[in-house]
Each structure stands twice: as C-alpha cells, then as structure tokens.
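J.: Just dropping this structure here.
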Amino acid sequence: MGDKPTIAISHLGCEKNRIDTEHMLGMLVEAGYGVDTNEELADYVIVNTCSFIEAARQESVRTLVELAEANKKIVITGCMAQHFQEQLLEELPEAVAVVGTGDYHKIVNVIERVELGERVKQVSIEPTYIADETTPRYRTTTEGVAYLRVAEGCDYRCAFCIIPHLRGNQRSRTIESIVAEAEQLVSQGVKEIILISQITTNYGLDIYGKPKLAELLRALGKVDIPWIRMHYAYPTGLTPDAIAAIQETPNVLPYLDLPLQHSHPDILRAMNRPWQGRVNDGIIDRIKTALPTAVLRTTFIVGFPGETQEHFEHLLEFVQRHEFDHVGVFTFSSEEGTPAYKLPNQLAQEVMDDRRYQLMELQQPISQKKNQQEVGKIVDVLIEQENPESGELIGRSGRFSPEVDGLVYVKGQAKLGTIVPVAIHHADTYDLYGQVVNN
C-alpha cells in the first residue's frame, strides 16, 4: 500500500467528463493509490481534458503546459486524448500516457505500466465502454447533488459537432442499472440526481429498439430521492409520453434543458438538424400547456456559416416570443473534422461576438422577469455552501441547475446537503435571495 505513487486529477470540461473523473478516482482509491488534491505534491497528475471547441482546447493546453513546465508526470485523458493522441505524445515529453474516452476504466493498469517504464497509449479507435453501478466512483460534487449518466455517445451527426467522433455512438445503460445507481446515490445522502447523456430523450433507443425515457423516469419515480433533473432533451424526442411521465412523476423536476441551437429552418438544415425547424414552436407550446410551471433552459449558436441578418433576427424574435428562463449563447467554433468546417460564408469573429452580445442583452430582462416572479413565494432550496465570513448559505431551487444557472443566497440556519423552505424576498437577473422558513 505505502509504496504506491500518489495521484492528483485536474478535471476540465463537461459533467460527462466529471463522471469519468469520478470513476477514475474510485478505481485508483480501490486499488490502493493515494489521491492528493495538491498537484504539486502528487507523483502523477491526470488531466481529464476537453476538446469540444477551440476555447476548451486552449484551456486544456494551458493546463498541460503549466504542469509540463513544473516537470510533472502527466497522464492525459478525456476528449483531447482521444482527438490528438499522437500529437500530444510528440509535443509533451512529460506526458507518460494518453488514455481515450472509451478506456478510462483501464486507468489502474495504465499507471502500473507507466511505473514499469512504459510510455502508454491506451486509446480505442471507436469508444464502446460505458460504466455502470458496479464501477467504483468517488464523487467530487457537493454532498447533495450527483450526475447520473444514462447513456454515452451520440448517433446524430450535427454539422458543427465533433462529439460522436470523440465519444462514439450511443450506448445506453439498462433501466435496472440506472435505478440501482440512483439507490446507491440516495444511500450516500444525495438529494438531487441529474440525468445526463448526449441526447437524453434518445435514451434506450439502441438497446430497446425505441426511446425509453418515459419508462426510465417512471422507474426513478419509485426511488426515494426528492429531485430528479434532466439535461439535454433533444426537442423532437419530447414525445407526449415523455412529457406525461414528467407530469406524473412528482420527484422529476419540470425543468427542461433543450439545446435548440437555432430557430431558422435554413440554419437548422445547414446544421443537419432539418426536422427541428418544423417542430420548435409546437414543442415549446406543448410543454408550456402540459407543464405550466416548467423551467426552460436552452442554448443557441450564433454566427453559423451562412447566417444572415435575417436569420439572426428570426432568432431574436423567437427568443423574445418564447421567453426562456435561461439561455446560453455560443459563437460558432469551426471544428476541423466536422462538415461545418468547410462550409462557405464563414462569419467574422467580431460579427459573431456582436450577435452574441445582442442575444444576451435581449434575454437579460426576460431572465430578470422570470426570477422576479419568484419573489413572495416559499420555495424548496438545496443548501450546498456556507460563506464562512458572513454565515450566509448558498443553494439552488428547482429552477436552477448547478454551474449553468443561478443561485439562491439564503439567510438563516440549515445543514449543508439538506432541502429547506426559503421565503424569496429579492431577485436579480441571475440569482434569488431569501430567508429560511422555520417550522
């Protein structure tokens, strides 16, 4: 035990990457390795990288260069390792191993081989692995919240997206496996489970022959957990049955993360999402009718090649009309290896930046209005942090997802990791403010 090296993990990227990080930590701890939060003291640093867009790659490269300059032994995992395996080994002598997105479960074996002097390249050409409830896991989120992956990979081929190349085709877990992991998380004190995959509404299509999201939600409804939240609902997959399951299952929050990407049919066709333009409005209206309290989050890409001022104004009008609760806006990032990389009529970065600014400026008063509607209500809040200086508590209500949405700043007494009633007395564009209601 004592002679095994210590390992630190630097986590970058999305919550799917976070789950991979947590499984690697779990496997290393189970194998007797010491895990150190201090990268300077650790013998090895695993950098779980992101390669989704250029900005994410730059952050990953900065982290790798800083560690290389500090002469750390680096194990590179994640999407960048899958994407640029040869290049990374050539350019970073300090990299002792690269491990692909479908190979992180071999991390203990990789470290053992490195310890014997091998420089390891463990990258499957086509990632096929998916962890389940039997895979060790060491959670890194706050005590009350956990991500639960229902599927990995993606069968869609949106023109701007490199994810299928980096994470493979969709592979779903069984309903039984997901429910078993949910039960494990409840036993650890988790109060909120966030279901994730690339397209959660396509869950089960590969193993059951048709999407089974509705059945999954109903099965999770029998688990003793207060909040179940769903990320990444592809709009065309929100069938009447899926919406009914959200309606009927009390612990499933009426929170829908719909990555719409654009509103105009021309741009959606160019994005290789041709069917979406016909259904955007109808699905949003159907959700609002069936789930009047639904919280809607979406993301848009501005500056996709060929986006004219007319296309952009269509998007502005769409956002103004539908009044989403939360909106994320990205400028188009031209990714080598995607169809969009070679499209004509690429827009200048300053035009894209200006459009992003305009769309965010349009959304801010809408977000403010939506938050303002919470003032005067008593809402359940999951308490996650305490400010040691002021004693103020920080948490989230059901309308806020971790990291991407706002927070609730709370006065009063409550234990971390518990859900308590809070009277909301103030709101701003992104956050809410309130007082614990003592029974």
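Here the Cβ of each residue, glycine as well, is placed from N, Cα and C on the backbone.
Below are the features I grabbed from Swiss-Prot:
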- 5-116: domain 'MTTase N-terminal' (DOMAIN)
- Cys14, Cys50, Cys79: [4Fe-4S] cluster 1 binding site (BINDING)
- 140-369: domain 'Radical SAM core' (DOMAIN)
- Cys154, Cys158, Cys161: [4Fe-4S] cluster 2 binding site (BINDING)
- 372-438: domain 'TRAM' (DOMAIN)
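Please go over these features one by one and say how buried each is and what sits next to it.
T.: The DSSP secondary structure for Cys50 ([4Fe-4S] cluster 1 binding site) is coil.
A coil conformation is recorded for Cys154 ([4Fe-4S] cluster 2 binding site) in the three-state DSSP classification, outside any helix or strand. Note on Cys154 ([4Fe-4S] cluster 2 binding site): other Cβ atoms within 10 Å of its Cβ, all shown chains, come to 22.
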J.: Considering every residue in the domain 'TRAM' (372-438), what is the mean pLDDT value?
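T.: Summarising the domain 'TRAM' (372-438) by its mean pLDDT gives 96.
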J.: Count the other Cβ atoms sitting within 10 Å of the Cβ of Cys14 ([4Fe-4S] cluster 1 binding site), across every protein chain shown.
T.: 18
J.: Compute the centroid of the Cβ atoms of Cys14, Cys50, Cys79, then list the same-chain residues not in that set whose Cβ lies within 8 Å of it, in sequence order, for the [4Fe-4S] cluster 1 site.
T.: Leu12, Gly13, Lys16, Asn17, Thr49, Ser51, Phe52, Ala56, Gly78, Met80, Leu166
J.: If we check Cα distances from Cys50 ([4Fe-4S] cluster 1 binding site), which of the binding-site residues Cys154, Cys158, Cys161 wins as closest?
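T.: That would be Cys161, the closest of Cys154, Cys158, Cys161 to Cys50 ([4Fe-4S] cluster 1 binding site).
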J.: Using Cα coordinates, what distance in whole Å links Cys161 ([4Fe-4S] cluster 2 binding site) and Cys79 ([4Fe-4S] cluster 1 binding site)?
T.: 13
J.: Including all protein chains displayed, how many Cβ atoms other than that of Cys161 ([4Fe-4S] cluster 2 binding site) lie within 10 Å of its Cβ?
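T.: If we count other Cβ atoms within 10 Å of Cys161 ([4Fe-4S] cluster 2 binding site), we arrive at 21.
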